[in-house]
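Peer 1: Before I ask anything, here is the structure I am working with.
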Ligand code: DOR
Ligand code: ZN
């Protein structure tokens, strides 16, 4: 099987070239390659990037298949340009054993649209009391290399220390949902002027920053690898800048991610009381949004991760205080990054490749993802129309749930084709099974 992508701009740069994909790899790159005997994709003016890697996806299977399954989440990922996703462990049952992580991994293979890597829980049942069997999960068929209690913070410093020590031995990374729980009891919104005005209990920035600072120090002390999930405040950026100054360039022991929604939306949206805007960590201020964009551009925050969090209508179309936190992200991530980072000239397309593909692949240790667009490399690819404009409709998404905060928004740029090891998984908005 072979395919020829005609007239693409590699990383949006230089002259148009043709890219021949054969036997799962980029076989040739050049001008006017022969079209005979190959499937031709006319891609003039489209930007070719390495397929995206999402370090933070909630696929909800097992347990909440009414909101998302590994198959529907994989379809959403392929449509969004992703070739690998990391499925968070807060399922039911929790992914804290070999049995569950291998189940998720197999289901991902069956769906076959994107590499689904299960994230293993750090603590048994996400309870924060006892370390889960990290070694068994690492050695399982799923080969778990990312561990996280996401949804919950590993707040016990001794457990976090031990987890970081294990991460070294297992060549793994501990992804922390940084939230000091004693500071967020009853919290419903970013602590600040908007929360006060609306009468919502505040989630202070310091609850995130205190844990990030502590964990950076623990990572330094243990030599373990820390990844900070969904950075949301200016203060966290300051802490990360400080922690990064301890190390040299390149791949560092401390890494972090920012979500598309924290790059665009602010707590001013809460005035609508629409729980579609409820998320954890909460939407912050426009000053935080600006600081996060700058930090991503500069590399203080390493990458973009969606925190794709599908929820059932009954868990979202209700009173603010009882609504669940979380929002969809897989099918809008590239466009929100284009809107917040490319159009603003904070990143070029090469920078997008870095934050959506290369860095997340390096952080998770994936050898065949986030690779350069050169001959001989695996054909994990995302083709983007940089000139597209489209209106977000949650009901059109492949996800079962429809809780997108971007509903009705017009966004720039769109993924038109995704390839996983040379096989087209999504094309022109349709999944190719
Ligand atoms: O908003 C969130 N939703 N934040 C999390 O940490 C968990 C996630 C979920 O599982 O819904
Ligand atoms: Zn989280």
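For all residues, glycine too, the Cβ spot is worked out from N, Cα and C.
This is the feature table in TrEMBL:
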type	residues	note
ACT_SITE	307	active site
BINDING	56, 58, 150, 307	Zn(2+) 1 binding site
BINDING	58, 59, 60, 90, 280, 311, 325, 326	substrate binding site
BINDING	150, 177, 230	Zn(2+) 2 binding site
DOMAIN	45-233	domain 'Dihydroorotase catalytic'
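Quick one: how deep are these features, and who are their neighbours?
Peer 2: Cβ neighbours within 10 Å of residue 307 (active site), excluding its own Cβ and spanning all shown chains: 29.
Annotation note: residue 307 (active site) sits in a coil segment as assigned by DSSP.
For residue 60 (substrate binding site), the number of other Cβ atoms no farther than 10 Å from its own Cβ, over all displayed protein chains, is 28.
The Cβ of residue 150 (Zn(2+) 1 binding site) has 26 other Cβ atoms within 10 Å, all protein chains considered.
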Peer 1: Where the criterion is a Cβ under 6 Å from an atom of ligand 2, which of the binding-site residues 56, 58, 59, 311, 325, 326 meet it?
Peer 2: none
Peer 1: Roughly how many Å separate the Cα of residue 90 (substrate binding site) from that of residue 150 (Zn(2+) 1 binding site), to the nearest whole number?
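Peer 2: Checking the Cα atoms of residue 90 (substrate binding site) and residue 150 (Zn(2+) 1 binding site) gives a distance of 7 Å.
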Peer 1: Hey, how far is residue 325 (substrate binding site) from residue 307 (active site), Cα to Cα, in Å?
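Peer 2: Counting only the Cα atoms, the answer is 11 Å.
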Peer 1: Taking ligand 1 as the reference and 6 angstroms as the Cβ limit (strictly under), which binding-site residues among 60, 230, 280 are close?
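Peer 2: By the Cβ criterion, which requires under 6 Å to ligand 1, the hits are 280.
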Peer 1: For residue 280 (substrate binding site), what residues in its own chain, 6 or more apart in sequence, show a Cβ-Cβ distance under 8 Å?
Peer 2: 151, 179, 203, 325, 326
Peer 1: How far is it from residue 59 (substrate binding site) to residue 177 (Zn(2+) 2 binding site), counting Cα to Cα, in Å?
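Peer 2: Cα of residue 59 (substrate binding site) to Cα of residue 177 (Zn(2+) 2 binding site) measures 17 Å after rounding.
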Peer 1: Kindly assign residue 60 (substrate binding site) to one of the three DSSP-derived states: helix, strand or coil.
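Peer 2: Looking at the DSSP assignment, residue 60 (substrate binding site) belongs to neither helix nor strand, so coil.
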